[in-house]
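Student: Annotations for this protein, taken from TrEMBL, read as follows:
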{"type": "DOMAIN", "residues": "112-301", "note": "domain 'ABC transmembrane type-1'"}
{"type": "TRANSMEM", "residues": "37-61", "note": "transmembrane segment"}
{"type": "TRANSMEM", "residues": "117-142", "note": "transmembrane segment"}
{"type": "TRANSMEM", "residues": "154-172", "note": "transmembrane segment"}
{"type": "TRANSMEM", "residues": "178-194", "note": "transmembrane segment"}
{"type": "TRANSMEM", "residues": "233-258", "note": "transmembrane segment"}
{"type": "TRANSMEM", "residues": "278-300", "note": "transmembrane segment"}
Amino acid sequence: MDQQMRIANVPTSKIKENQKRKSAFQEFWRRFKKNKLAVAGLIVVLLYILMAIFADVVFSYNFITQNQISNAFAKPLTKAEIDYQDKTTEHLYILGADNFGRDILGRIIHGARVSMAIGFTTIAFACLIGSALGAIAGYYGGKIESLIMRGTDILLAIPNILFALAIVAALGPSFQNLLLAIGITSIPAFVRLMRASVLTIKNQEFIEAARALGAGDFRIIFKHIMPNCMAPIIVQATLGIGQSILSATSLSFLGLGIQPPSPEWGNMLSDARSYISYAPHTLLFPGLAIMTVILAYNLIGDGLRDALDPKLKR
């Protein structure tokens with residue numbers, strides 16, 4: 001009885017709003033799951049995320065210590081004795097071993113943690129800064145817009161990897177500097193997207209109504225305009241995560257990203273390049289990991305674009 005009274009006391013408008021949100025998500029999911037490649041990409045990304053979260057559980061073997069020199073370049077599916085937790089035990093190298101006898105599968109799994117952290121952190125930073133700047137530029141226009149957009153044009157004129165190289169080379173190779181470099185180079189895409197979206201809706205009736213009711217510029221921008229411009233931002237963020245991972249592996253490959261012996265896919269490629277003719281598996285499997293995760297994010301981005309704006313697909 002009390003529960004029925006509580007339900008009856010809920011405002012009808014709130015119930016309708018919740019139903020509307022639920023139906024909107026259901027419609028979005030219905031469109032998204034029609035794209036089988038996007039669903040496959042989502043499954044792949046979820047697997048990588050789970051590997052990153054539970055890396056220590058999935059693979060507890062010491063993947064850093066270089067104490068298995070006798071097992072260097074072990075071929076895939078090779079069984080060999082290793083020293084683990086002060087005792088000798090038999091270990092199966094599912095994907096083989098690198099030049100120091102370290103398990104390649106274990107380093108790929110733990111490297112997924114590093115790559116996912118880089119991708120999500122840099123894009124979150126770029127999305128927040130870029131979206132805010134783009135919204136301000138589109139809403140106010142004039143000199144503010146010119147200043148923001150000319151700065152964006154300058155950043156876009158410099159190749160991302162070259163600009164990131166310059167930042168890391170100036171500040172020194174470290175995880176924090178890598179995040180900063182990739183985050184800064186990712187900002188311009190969000191600025192341009194948000195500005196273009198704001199220009200299309202800033203003069204619509206609901207914005208004029210909010211202004212007439214006395215809402216300030218800050219409230220209009222961040223409560224009324226930006227939430228209605230998120231569809232292209234979400235798509236760009238998804239695509240940007242893959243690009244950030246690629247940039248991070250490129251910088252690490254050049255020695256300006258994550259430093260050895262930390263397991264990072266770019267580091268693994270850099271270590272393996274000297275042995276490609278002798279032990280191609282040391283280069284093949286990290287390369288496949290990079291390719292599959294970036295491809296998966298691109299497929300998800302395409303699926304999100306079609307689901308959030310079906311008119312683009314037509």
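Glycine is no exception: its Cβ is also placed from the backbone N, Cα and C atoms.
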Student: Which one, 154-172, 178-194, 233-258, 278-300, has the most C-beta pairs under 8 Å toward the transmembrane segment (117-142)?
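Tutor: Counting Cβ pairs under 8 Å, the winner is 178-194.
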Student: To the transmembrane segment (278-300), which of 154-172, 178-194, 233-258 is linked by the most Cβ pairs under 8 Å?
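Tutor: Stretch with maximum Cβ contacts: 233-258.
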